[in-house]
Structures are given as C-alpha cells and as structure tokens.
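Visitor: Sharing a structure below in structure tokens format, with a few things to ask.
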Ligand code: NAD
C-alpha cells in the first residue's frame, strides 16, 4: 500500500482541482451503517431497496418511519469521522474544490466543509406531500421520527417526507456534480460500492488526463478504470497522508 499512498500524496500536492465523491462508507465509523457491506442495512432483516422507494413511501409512510427510526437516531447522534475532517482540511488548504456525497447524514456539513453537493438530499428539511410546505428540522419533528411516528404538516396535517431522494425520484444537483467532475484534475471516490446510479456514472465524465483513485473496503465495478485502488479502511489510509 505504501507505493499507492506515496502516489496519492503526489497527486494531492500537485492537483489544482480535486473532487471527491463520498458514499455511505465514510460514515460507518461514525456509527451509521452503510447499505451493502457485511454489517450493512440490507443485511438486517426487513430492510431492502423497496423501503426507500418513493411509491412505497407514499403508499405506506408508517412502515417507512417505523423502520427508519433507528437509522435516524444514529444519524442524529453521529459525529464526523477522521475522513470528514480530513476533507474539510483539504478544502481549507485550497486543494479540494467539491465534495459530491451520496450521504444524507449531513456529516460533511457538521465537519465544516463548504462546497458540498448532497446529491441524495439531507435531513435538515421536511416537505409536505399534500400542500408542499417545507419545514426546517424541529425538536417536534425529531421526536416523532425517533419514535418511528409519521411527522405531520402543521398547516394541513399531511405526511412530511424527509428532503432526501428516494429510489424513483430525481437526484439533486446532478448538473453541478457533472461539471465538477469534468473540471477535476484529481477524482477520488471514498466508501461507495459504486452501484447506485446516477452517481456511479459520474466518474465517466472525468477528463482523460485526470487522475482517478478509489478507496473502498470492497471491490467496485469501476476498479479497473482507476489508477489507484485501495481496499482498506479509508481513515487508516488517509492518516498516512498527515494533513490533520
Ligand atoms: P453502499 O452501502 O452501497 O457502499 C458502501 C461501501 O463503503 C461498501 O462497498 C463498503 O465496503 C465501503 N466501506 C464501508 N466502510 C468503509 C470504510 N471505513 N473504509 C472504506 N470503505 C468502507 O453505499 P453507497 O455506495 O453510498 O450507496 C448507498 C446509498 O445509500 C447511497 O445512495 C446513500 O444515499 C444511501 N445511504 C446513506 C447513508 C448515510 O447517509 N450515511 C447510509 C446508508 C445508505
């Protein structure tokens, strides 16, 4: 791994426009399970992609909120990991331009990163399915969701939906994310199985001369395209670079 780390260090030192794509793997050390690895959410009984489908949510929000409660509580309690802080530092140093994240946990914000595209949305806002009113997260909403209850619109009593992208909905900020990747001279993917589209397709927009790096504990379908692939824990890998 030493050779790969030295090369990555060289890329980071030389780059002018680094872009990072993060997935659920960046937050596992913060106590938020990912979807697909051994301890992932899909390996726990009763949870699969259907639960996160917009039609399923519209038909049966009660089941969604009952199942979502433990994940929501772990997200509320989570603190940024070494890698979140590392990325914030690289942004401060002017090296990292954009973070494109698939995560809804808001941990890049909590770490203080500024230029973050949350392509699957976030949990800081809740939208009414009936009257389209939007609310910032309140103690009331937090309480209901942690208890597995449906949060309701104050104005009309309709079901509130978290401001996140469900399967079957359009992602947010895709155009901006594509532009960021196109202008990147270094693209690094951290903790994503790279099977959820359209994010899995973003690396395809990079320029030929840009460097492409993947750090993920398990193999991904794009490993063959990357110059550096490291199948290790990202915190342990990035600690070797010493920016923090
Ligand atoms: P995924 O579960 O499909 O893949 C996560 C990958 O991260 C796995 O391949 C795993 O091997 C790797 N990984 C886990 N911990 C790691 C670590 N410490 N170091 C290095 N690699 C590690 O996740 P995905 O590709 O992001 O796609 C899942 C979808 O689920 C996304 O759309 C995301 O919105 C959503 N999701 C978000 C959260 C969150 O907000 N934290 C959590 C679960 C799922």
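Cβ atoms here come from the backbone N, Cα and C positions, even for glycine.
Those TrEMBL annotations? Automatic predictions, nothing curated.
If you look up TrEMBL, you'll see 1-244 marked as domain 'Deacetylase sirtuin-type'. Residues annotated as active site, proton acceptor in TrEMBL: 120. If you look up TrEMBL, you'll see 128, 131, 153, 156 marked as Zn(2+) binding site.
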Visitor: Ligand 1 is in the model; which of the binding-site residues 128, 131, 153, 156 have a C-beta less than 6 angstroms from one of its atoms?
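Guide: Once distances to ligand 1 are taken from each Cβ, none falls under 6 Å.
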Visitor: Could you name the residues, excluding 128, 131, 153, 156, of the same chain that surround the Zn(2+) site, i.e. Cβ within 8 Å of the Cβ centre of those residues, in sequence order?
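Guide: Filtered neighbour residues, in order: 129, 130, 132, 133, 154, 155, 157, 158, 160.
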Visitor: Residue 128 (Zn(2+) binding site) has how many other Cβ neighbours within 10 Å of its own Cβ?
Guide: 20
Visitor: Long-range same-chain neighbours of residue 120 (active site, proton acceptor), Cβ under 8 Å, sequence gap at least 6?
Guide: 101, 102, 103, 104, 164, 165, 171, 172
Visitor: 131, 153, 156: which of these binding-site residues has the highest Cβ count within 10 Å of its own Cβ?
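Guide: Per the Cβ count within 10 Å, the most buried is 153.
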